[in-house]
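Asks: Sharing a structure with you now.
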Amino acid sequence: MLTVIPIPAFQDNYIWLLRQDASDKVVIVDPGDAQPVIEYLEREGLSLAAILVTHHHHDHTGGIDALVKRYSPRVIGPDNSAIPAIDEVVGDEDECRVQGRRFEVFAVPGHTLDHIAFYAPGTPGLLFCGDTLFSGGCGRLFEGTAEQMHRSLARLAALPDDTLVFAGHEYTLANLRFAQAAEPDNPARDAHLGECERARQLERPTLPSTIGRERQINPFLRIDQPGLLNALAEQGSVDDDSAAFATLRGWKDRF
């Protein structure tokens, strides 16, 4: 059985740690900071076998050099010279095997042009999506276009409903409060917001989410919903799905 453990970093990042059964060799995803990873590994008597990287931003890669020097893990990620110590470059429709699980790689440009996601099929599947899909939201468009991000999210939304979503940040409460403004009449979203508020009061993560849940609560996966489109029409163009998505993303940036 593969266990996924969140290691908090910075103000709101999650570094995900993957451990197969009782193995002392683990995998981590997007180590922006080495220190909390080292502390966890040393405390638990674990060694680092591999690092998965979703994109080049420093808060997802800043710890790689120190971890490579200490543990010599295999580093797997997209083709970008800004990412240190890559051993295995992967891109769209590639596969890699770590911790006994097969991971499919999806190109998901939008937040950055090099952004990829790692998906392990199964019951449930596991999706490590970095800053592309958040619970209740999506990443800002630093390099890509709204059309690219819309396509990337549609690809992730097509995964099975029970797929567990491991995003890179704890942004859920802020995202869901924006979602209330964008789509006021959504009881499923409101119920989930209450659950997430209680979780955060107890200092518990709101992640993982699931694809099925995100399809119910996340406005960026609900562009075709009439209530959302009515609200978006007051903010900008809704001439087609890409235009509506761009309007929604711009509104969130200003919110």
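Placed from the backbone N, Cα and C atoms, the Cβ positions cover glycine too.
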Asks: Suppose a student reads Swiss-Prot and sees ASP59, HIS60, HIS169 listed for Zn(2+) 2. Which of ASP21, ASP24, ASP131 should they find annotated at that same site?
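Replies: Among ASP21, ASP24, ASP131, only ASP131 appears alongside ASP59, HIS60, HIS169 as Zn(2+) 2-binding in Swiss-Prot.
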Asks: Among HIS111, HIS192, which residue does Swiss-Prot annotate as binding Zn(2+) 1 at the site that also has HIS55, HIS57, ASP131?
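Replies: Swiss-Prot lists HIS55, HIS57, ASP131 binding Zn(2+) 1, and from HIS111, HIS192 it also lists HIS111.
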Asks: What binding-site residues in the list HIS55, HIS57, HIS111, ASP131 lie within 10 angstroms of HIS169 (Zn(2+) 2 binding site), counting C-alpha atoms?
Replies: ASP131
Asks: To the nearest Å, how far is the Cα of ASP131 (Zn(2+) 1 binding site) from the Cα of HIS60 (Zn(2+) 2 binding site)?
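Replies: So the alpha carbons of ASP131 (Zn(2+) 1 binding site) and HIS60 (Zn(2+) 2 binding site) sit roughly 9 Å from each other.
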Asks: According to DSSP, folded down to helix, strand and coil, what is HIS60 (Zn(2+) 2 binding site)?
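Replies: Where HIS60 (Zn(2+) 2 binding site) sits, the three-state DSSP reduction gives helix.
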Asks: How long is the line from the C-alpha of HIS60 (Zn(2+) 2 binding site) to the C-alpha of HIS111 (Zn(2+) 1 binding site), rounded to the nearest angstrom?
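Replies: So the Cα of HIS111 (Zn(2+) 1 binding site) lies 13 Å away from that of HIS60 (Zn(2+) 2 binding site).
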Asks: If you take the centroid of the Cβ atoms of HIS55, HIS57, HIS111, ASP131, the listed Zn(2+) 1 site, which other residues of that chain have their Cβ within 8 Å of it?
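Replies: Going along the sequence, the neighbours come out as THR54, HIS56, HIS60, THR112, HIS115, GLY130, THR132, GLY139, PHE142, GLY168.
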Asks: Tell me, if you would, which residue among ASP59, ASP131 (binding-site residues) has the fewest other CB atoms within 10 Å in the structure shown?
Replies: ASP59
